[in-house]
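A.B. asks: Annotations per TrEMBL:
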- 5-200: domain 'Anoctamin dimerisation' (DOMAIN)
- 203-764: domain 'Anoctamin transmembrane' (DOMAIN)
- 214-239: transmembrane segment (TRANSMEM)
- 292-312: transmembrane segment (TRANSMEM)
- 376-403: transmembrane segment (TRANSMEM)
- 423-444: transmembrane segment (TRANSMEM)
- 587-610: transmembrane segment (TRANSMEM)
- 644-663: transmembrane segment (TRANSMEM)
Amino acid sequence: MTHKRIDRKKQKRKRQVYESNLINNGLQLEATRSVLDEKLVFVKVHAPWEVLCTYAEVMHIKLPLQPDDLKTRESAFNWFTSLFRVDENIIKPEQEFFTAPFEKEHLSNFYIQDKDTFFNPATRSRIVHFILSRVEYATKNNVKKFGINKLLDSGIYKAAFPLHDSSFRHPSTDPACPSERYLLYREWAHPKNIFKLQPLDFIRKYYGEKIGIYFAWLGFYTNMLIVAAFVGVGCFLYGCLTKDNCTWSQEVCDPNIGGNIIMCPQCDKVCTYWNLTSTCESSKKLCIFDSFGTLVFAVFMGIWVTLFLEFWKRRQAELEYEWDTVEYLEQEEQVRPEYEAQCTHVVMNEITQQEEHVPYTACGKCIRMTFCASAVFFWILLIIASVIGIIVYRLSVFLVFSATLSRHINGTQAIHKYLTPQTATSVTASLISFVVIMVLNIIYEKVAILITDFELPRTQTDYENSLTTKMFLFQFVNYYSSCFYIAFFKGKFVGHPGNPVYWLGKYRNEECDPGGCLLELTTQLAIIVGGKAIWNNIQEVLLPWVKNLIGRYCADARSEKIVPRWEHDYHLQPIGKLGLFYEYLEMVIQFGFVTLFVASFPLAPLLALFNNMLEIRLDAWKLTTQFRRMVPQKAQDIGAWQPIMQGIAILAVVTNAMIIAFTSDMIPRLVYYWSFSVPPYGSHSSHTMKGYINNTLSVFNISDFRNASKPSSPWFGNQTTCRYRDFRYPPGHQHQYEHNIYYWHVIAAKLAFIIVMENTHMCIH
């Protein structure tokens with residue numbers, strides 16, 4: 001108890017010093033005891049005109065000179081977009097001004113009609129937060145301690161936030177209050193507005209440019225998804241309509257063709273021979289996703305992602321001009337207080353030839369960067385290790401399922417058709433992969449913040465860009481590594497039954513179904529994307545809502561008094577230090593799934609479109625109803641997310657070309673149709689897909705099995721051969737079990753397709 005009393009006295013002393021220094025800086029403070037909790041005191045901060053003018057000049061804030069009287073060109077689509085815009089009688093369009101950095105000595109030149117409204121609430125909040133972040137509260141060992149963030153971290157204050165202007169449920173009774181929060185909830189965040197355009201200027205006015213540009217980007221991305229979703233649904237419907245004409249699937253299901261084909265075991269000892277018709281159902285599903293429409297869609301998405309990024313650059317440039325942030329970074333952005341506090345070293349600037357204070361020497365900076373890079377590299381290796389662990393799980397569990405699944409399922413034949421060892425392994429591995437991804441995410445988020453804090457970036461933009469790069473590198477490997485494994489490694493290096501390839505010298509490499517691994521990639525994507533969407537909505541929407549509901553219930557139970565605005569806002573959830581970082585991260589990861597592996601799942605853009613239409617309104621609902629008001633911040637663009645998306649776009653062209661070439665069975669089918677179904681290689685008189693399955697399954701003599709791989713329980717009669725998926729010469733040939741001419745034709749066609757597709761997209765770009 002003594003220690004607690006001493007701590008309370010220290011905290012009180014620091015608060016007194018801090019608040020007296022705030023008063024010395026010109027702010028006015030007003031203390032008010034809580035209505036619901038007598039131990040809680042609110043300190044309301046008022047910024048007088050003189051203080052606002054002084055710091056507006058220090059911060060180089062641009063303010064209105066005179067109204068903008070330039071005529072703007074009307075778009076040809078205005079008549080159409082007006083149907084989806086918010087009613088201008090409810091939310092009036094913002095007046096445009098010519099602006100300039102504020103200077104007190106030229107005060108008369110600025111457009112000041114009313115001193116109370118000249119600085120809007122967003123600007124006032126920015127100025128007050130600037131002061132709060134730089135006022136000191138203690139000095140220890142000649143080192144000054146300052147800033148509201150440190151006071152919050154040490155528990156000296158519970159919270160610090162700008163106030164919402166009214167309740168979101170009803171407008172303010174004060175005629176001087178504009179009730180912007182109520183209008184935003186009614187015209188933007190409410191579910192009834194799901195098909196309406198967002199009032200971006202009004203969002204920017206209330207929440208600042210940083211939140212405004214996020215919603216502008218999210219809305220633009222969602223609108224562009226409409227085109228991709230339309231084409232994707234068309235390709236999916238094409239696959240559904242043509243699946244009954246899928247010749248190779250019919251051959252798999254035909255009891256006279258697939259029923260007579262005995263396949264070689266897919267693992268050592270415990271696996272046995274199996275009939276090709278057991279994959280009949282998966283081959284029918286594969287016909288939907290692995291059709292000619294998929295090829296068209298993969299090419300289209302490569303063009304779409306390029307156009308999306310180019311059109312967004314144009315839209316972003318328009319917003320920079322309209323919101324007056326073109327020269328923001330050079331003029332207005334301030335150094336982070338944490339950086340300023342460490343500036344103890346003096347160096348000579350080689351360009352200006354002036355002395356500058358920096359927090360570390362060149363050697364110290366090199367050490368910091370090396371440590372941070374090593375830490376990030378270590379965590380990426382940790383993810384790769386977890387992926388390898390899941391691969392080992394797949395290989396070992398496949399043996400178990402192969403040995404036990406068919407024995408212990410005593411149900412109907414229909415169940416057995418769907419629950420094959422491959423399906424059971426794929427689904428369980430995908431679920432485990434999803435759980436591992438989420439656990440590693442939670443741990444690494446904290447590590448990434450610690451690493452970036454140690455790195456000590458100079459400005460808030462530098463800080464966020466550095467953290468963004470670290471987090472995305474981690475998330476990229478975490479989310480996409482299992483998909484890359486299925487798409488480009490599984491079933492590609494398996495050897496043949498007489499000479500299989502082993503993983504870690506013990507586990508035999510996995511093989512794909514006779515139709516390829518595309519269906520498994522689709523399953524993996526569906527589980528990760530669907531699971532991620534559900535998890536994010538629980539985390540972002542349900543948890544804050546439940547916390548606020550409990551808080552309101554407890555508050556109502558304690559008191560029936562009228563609760564003031566500041567106390568209502570205090571009981572809302574804090575927005576967090578990183579603000580919109582997680583919102584961007586969620587959407588960019590989704591952008592990666594939509595573009596990188598879309599060739600395996602044409603419905604991905606449609607699912608993303610539905611998700612994003614809800615995401616816009618849910619994010620708006622969270623900001624206006626569940627969270628305290630953020631400190632408005634300026635932002636010129638979407639920051640490091642722009643180059644990240646450009647990198648994804650380039651990679652997407654490569655991955656989709658390689659999925660069509662190596663994961664899909666499209667190229668082997670086309671090679672067979674145009675070359676190997678007719679003479680000199682084939683026996684058919686015209687181009688056809690008949691005989692494709694028989695042509696693409698090689699023959700293996702069971703007497704050539706090694707003792708280590710020979711199945712322990714053969715179940716067929718007098719057959720001496722089995723079939724396996726590959727293009728190799730049969731036993732008895734002078735080059736038996738070596739790749740045949742079909743294999744080299746297919747490889748040449750795959751490489752040619754990749755080169756043509758990539759060069760086509762480069763020309764478009």
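Numbering starts at 1 and runs along the chain as it is shown here.
Any Cβ shown, glycine's included, is placed from N, Cα and C.
How about a rundown of where these features are and what they're close to?
C.D. replies: Cβ atoms under 8 Å from those of the transmembrane segment (292-312) belong to residues 217, 220-221, 224, 227-228, 231-232, 234-236, 238-239, 242, 595, 598-600, 602, 605, 645-646, 648-649, 652-653, 656-657, 659-660, 664, 666, 757, 760-761, 764-765 of the same chain, restricted to positions at least 6 beyond its ends.
Within the chain carrying the transmembrane segment (423-444), a Cβ under 8 angstroms from the stretch's Cβ atoms is held by residues 282, 379, 382-383, 386-387, 390, 393-394, 397-398, 401, 405, 471, 474-475, 478-479, 482, 520, 523-524, 527-528, 531-532, 535, all 6 or more beyond its ends.
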A.B. asks: Given the transmembrane segment (214-239), which of the listed stretches 376-403, 587-610, 644-663 has the most Cβ pairs that are under 8 Å apart from it?
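C.D. replies: That would be 587-610.
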A.B. asks: Same chain, outside the transmembrane segment (587-610) by at least 6, Cβ under 8 Å from its Cβ: which residues?
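C.D. replies: Here the qualifying positions are 218, 221-222, 225-226, 228-229, 231-233, 235-236, 239, 289, 293-294, 297-298, 301, 305, 472, 475-476, 479-480, 483, 487, 518, 521-522, 525-526, 528-530, 532, 641, 644-645, 648-649, 651-652, 655-656, 659-660, 663-664.
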A.B. asks: Given the model, what does the mean pLDDT over the domain 'Anoctamin dimerisation' (5-200) come out as?
C.D. replies: 83
